[in-house]
Amino acid sequence: MLDGGTTLSKFLIDTLDRNPSPVQASGLSALLIDVAASIKTISAQLTKGALGGNYGSATTINTHGEEQKKLDIATNDIFLQHCEWDGLLAGMVSEEMEDVYAIPPAYPRGEYLLAFDPLDGSSNIDINGVVGSIFSVLRVPAGLKAGAAAIDSAFLRPGYEQVAAGYAVYGPSTMLVISVGNGTHGFTLDREVGNFVLTHSDIRIPEDTGEFAINASNERFWEPPVRRYVQECKDGRSGCRERDFNMRWIASMVAEVHRILMRGGVFMYPRDFKTPAMQGRLRLLYEASPMSFLVEQAGGMSTTGRERILDVQPRALHERVPVILGSKNEVERIARYHADYDRGEDKPYTSPLFNKRSLFLPEAPV
Ligand code: F6P
């Protein structure tokens, strides 16, 4: 090994180009290096903080009706600029764009599709908190005809078909965590040299954990199996779990998943009835799917509560799904609670706060 460790390029050349499998056509390593270049540029921007001139809200609303931050738009442009020219992509989908981004005619089209969330957890920007970027790579199906509609439908494929997925976490250090289907590996940005260096090889999520993360302010909208699980954790050693749990909530999926990859835990943004029209909060193509790929590759588990997330067939580019992921034994338990409930075999969890005479009755039927 050369001084300075295994860089991302060396890792990718070794893993993909010198050891190609039928699903890993040439070019994937070059594409991932362009994605890494986007991440380095974003990292440099974010490090400037308020001095970068990109703080605050833009005057625009994204495709989900959320107010965009200036940095949401700037980081989206960084991804587009780094990845559109290389002749490896047929299209891109982003949280910040309603439609598929077609590769400009000036550049050749390639055989991959890139979906990304350029700045996950962007509400943390104003407080100098941890944020991230998430990405997912699919191959264009063989024989795909040109045209916008065809490219749209090419993105609507279950997560198990991903050929690569990853995220960047912009914390005290910037890390890139990726999987190309042979485990989940973490690289730390050496800012002085400008290289991502392999620091966390073959990450494994512990099967058991004493930590869970959920936005507890939504409790009254949760389904009974989730309320049951969380209540049991809160009951700690005096309840049926007979041990204490700790709760975390950073409001940035990247930061939560990173913690889980580093030391285990469960992250939940479950189905709830706050906005009945929405199945969940997190987006399937560029949040739930790539994170589930990384978690499974690290020995963890990821489910909607009722279905493995990597098996979910997307129906729309910006579709949302419930997400429950992390340490295998806990996620299995939560999935079992959903199954018990659906079969009517679960004694629904009733809290004294939610009984008939309570002021805190759930606002929608469950
Ligand atoms: O885009 C989604 C996201 O920012 C996630 O990164 C995070 O887990 C979640 O939303 C935070 O949601 P809430 O605002 O309910 O805490």
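Placed from the backbone N, Cα and C atoms, the Cβ positions cover glycine too.
Just so you know, TrEMBL annotations never went through curation; they're auto-generated.
The annotation domain 'Fructose-1-6-bisphosphatase class I N-terminal' is assigned in TrEMBL to 7-200.
Feature annotation from TrEMBL assigns Mg(2+) 1 binding site to E95, D117, L119. In the three-state DSSP assignment, the secondary structure recorded for E95 (Mg(2+) 1 binding site) is coil.
Taking a C-beta cut-off of under 8 angstroms and a sequence separation of 6 or more, D117 (Mg(2+) 1 binding site) has the following same-chain neighbours: S94, E95, S133, I134, F135, R283, Y286, E287. The Mg(2+) 2 binding site annotation in TrEMBL covers D117, D120, E287.
Annotation for D120 (Mg(2+) 2 binding site): same-chain Cβ neighbours under 8 Å, separated by at least 6 residues, are V131, G132, S133, I134, Y167, S252, M253, V254, E287. The annotation substrate binding site is assigned in TrEMBL to D120, G121, S122, S123, N215.
Look at TrEMBL and you will find 205-338 tagged as domain 'Fructose-1-6-bisphosphatase class 1 C-terminal'.
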_DSSP three-state assignment for L119 (Mg(2+) 1 binding site)_ = strand
*Using a 10 angstroms cut-off on Cβ to Cβ distances, just flag whichever of S122, S123 is the loneliest among these binding-site residues.*
S123
*Starting from the Cβ of E287 (Mg(2+) 2 binding site), draw a 10 Å sphere and report how many other Cβ atoms land inside it.*
27
*asked:* Let me check the 10 A CB neighbour count of E95 (Mg(2+) 1 binding site). How many other CB atoms are there?
replied: 25
*Within 8 Å of the centroid of the Cβ atoms of D117, D120, E287, which other residues of that chain place their own Cβ, given that this set defines the recorded Mg(2+) 2 site?*
E95, F116, G121, G132, S133, I134, Y167, M253, V254, L282, R283, Y286
*List the other residues in this chain whose Cβ sits within 8 Å of the Cβ centroid of the Mg(2+) 1 site residues E95, D117, L119, in sequence order.*
D72, T75, N76, S94, E96, F116, P118, D120, S122, S133, I134, Y286
